[in-house]
Amino acid sequence: MSALRFPDLPPSEPQGADLLAQERSKTTFSVHDLSNYLYGEEYLERQEKFLGLIENEPAFDKSNRYFLGRTERFAGALKKDYALVKLAQQQKWTPEEFQQADILIDEPGPFGLHRGMFMPTLVSQGTDEQHELFLKPALRYEVIGCYAQTEIGHVSNVQGIETTATYIPETNEFELHTPYLTACKWWIGGLGKAANHAVVMARLISNGKDYGPHALCVPIRSMEDHTLLPGVMAGDIGPKFGYNTTDNGCMWFDHYRVPHISLLAKYSSIKPGSGEYIKPPNSKLSYGTMVLIRASLVGYARIGLAKAATIATRYSAIRRQFVDKDQPKKMGKEVIETPVLDYSMQQYRLFPIIAAAYACHFTSKEMMRLYYLNIKNMASGNFSLLADVHASSSGLKSLTTTMAAASIEECRRACGGHGFSSFSGLPLMLQDYAPNVTWEGDNYMITQQTGRYLFKSFRDLVAKRASGKFSASQITNPTLAYLNTYLDNPDLKCPATTPAQFHNPEIQLAAYGHRAAHMVAEIVHGLDVEKRSWNSMLVEIYNASVAHCQLILVQNFILGIRGDMPQPEGIVATPLSPAAKEALTDLSDLFALHQIHKQPGEFLTSGYIDAKQVSMMGKAIMDVMEKKIRPNAVGFVDAFAFPDYYLNSALGRFDGKVYEAYTEMATREPINQTEVIEGYEQYIKPFTNPKGLKGKSIQARL
């Protein structure tokens, strides 16, 4: 029993439950219908079923998560991953069902990269024979793998990795070797202690020629007792800012031989004996796993945004500060302190984050549709989508994960001092989300890939227009469409003359398209005409990628609400109710206008809008937040359908019992389990009572 006990008293009136009930009564749409639109009825029903299974399993208990150190947390994560796999096998879950349960448990684990990167790489780059040898055992967790690409000296620059895989024709083997300290594999999730196999990215060398990075699937630990195999050294890299329940590891090879079958050979291979290199039909085919992960990260950004916004919005509706003398808040006939959510500054901080979460929902669905469509096309030799999907996934990964990381921190700050407490759920969320801005390509580096695609598209379009054989009706690619619109009229001006006109989606799309195209045109001019170096324009290139991807987010948000988004084959979209459609349109307006109002410089220099119009946008933003979004704020976050078990937050509880949950969590703090702290006799008593006085002699000093 805890030595810390709180009086059996309620919080002062009004109660949190009553405040949230009042908020929910103002919602203009059906929360259940919007949740159903976002996820589908089947997903929501599964969630309820999974909660019944998960909450009753000790391995998935979250009650002590905030009190544990790294060693205890890793041990718990290993137990959790084992229990989750066993449960999935018993329940015969599909991969989608497994992922849904894993999201609810919400803790990175040592098997995460086995599912997230090791197996997808085998699927996309392995032959049928390799699927039999590696993938099928991996699906049964007999093989547990990791994805060893990053090196201590090379992270984003995959082409610069130094680990070598040299073909030995005499034995038909590859020899893996680490020639420099900088070639040691580093940051590899699951490698530290859990994995017994690894997909290793290494420089393929045959007959003295270096063919660049290729993937090999190799054993690294004994299948008998899990000891490292001769020629392999590996271990954990130590504590990190976050993600400490995953054993990120390091590894080096000392002339380690593996059989010919280890080279993943779906697209490229080495002929046994001769060492002849068979090149892939397209040099970017090996990007498959990378594109999948980057596209998936847009969806996880949506989850991060939504989770943080749910906690901060509910808490802001309950937390009261000061009385607004101009517009006093009432509960019944009683004047109460103003809920923080009523302050316009809090709305300006939180409501765009809610809007961003919904924006990412539509774009993440579209990115996954395009990814699977591209996979299908490539299987039949059609690579037309590959460049666009790769470029978009790179830029969107950068933009959305940057947005999410910044927004989680903003939500933490918006909760005031209590946001600094682990019990809010926000500090650990930020720590575990932070790696997203770096892995799968540093967010500032990978935007160059988006930039190269944009500049090539622009140059090709200019050349086609100049050829006299071009027709705008031939354009089906949305990137070429907005670039062509700009080239038709680079001096286009925004026609809006009142704040209300900025709610017109066509004006919003025109503003984003004109700005992005103007930036691309300026960079191409700098590179091609002014002969500026690529390095000297990296800031502009990054900003152009952001502009392009913000346009994608705005465009998909608008199309999604209209019901004009393309759907995956065989899928029929759930229709939006008129009330939900109107409410989401308000969020779409806020998302589009807030980005312009927050950073107007590029929109102004593009010439499409002027300073007076930016000022009008500010009025339009405040108007839509106060009159349209404020009544629906709690309804919007409720529609994300996050159960309390998932949130694990005292501040974000659905029932509004914030202070009751907060104080109860404090009683579980391990150092509160005794009234007098261990160490009192050694470190405190020598100062406060060095003579060991007892009773009245001590009290008399007071």
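Backbone N, Cα and C atoms are what each Cβ position is placed from, and that goes for glycine too.
Marked as domain 'Acyl-coenzyme A oxidase N-terminal' by TrEMBL: 31-144.
Positions annotated as FAD binding site by TrEMBL: T150, G189.
Residues or ranges marked as domain 'Acyl-CoA oxidase C-alpha1' in TrEMBL: 287-454.
The feature active site, proton acceptor is assigned by TrEMBL to E440. Around the Cβ of E440 (active site, proton acceptor), the number of neighbouring Cβ atoms within 10 Å comes to 25.
Annotation source TrEMBL lists domain 'Acyl-CoA oxidase C-terminal' at 504-688.
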Rounded Cα separation (Å) that holds between T150 (FAD binding site) and E440 (active site, proton acceptor): 10
Spatial separation of G189 (FAD binding site) from E440 (active site, proton acceptor) - C-alpha basis, Å: 12
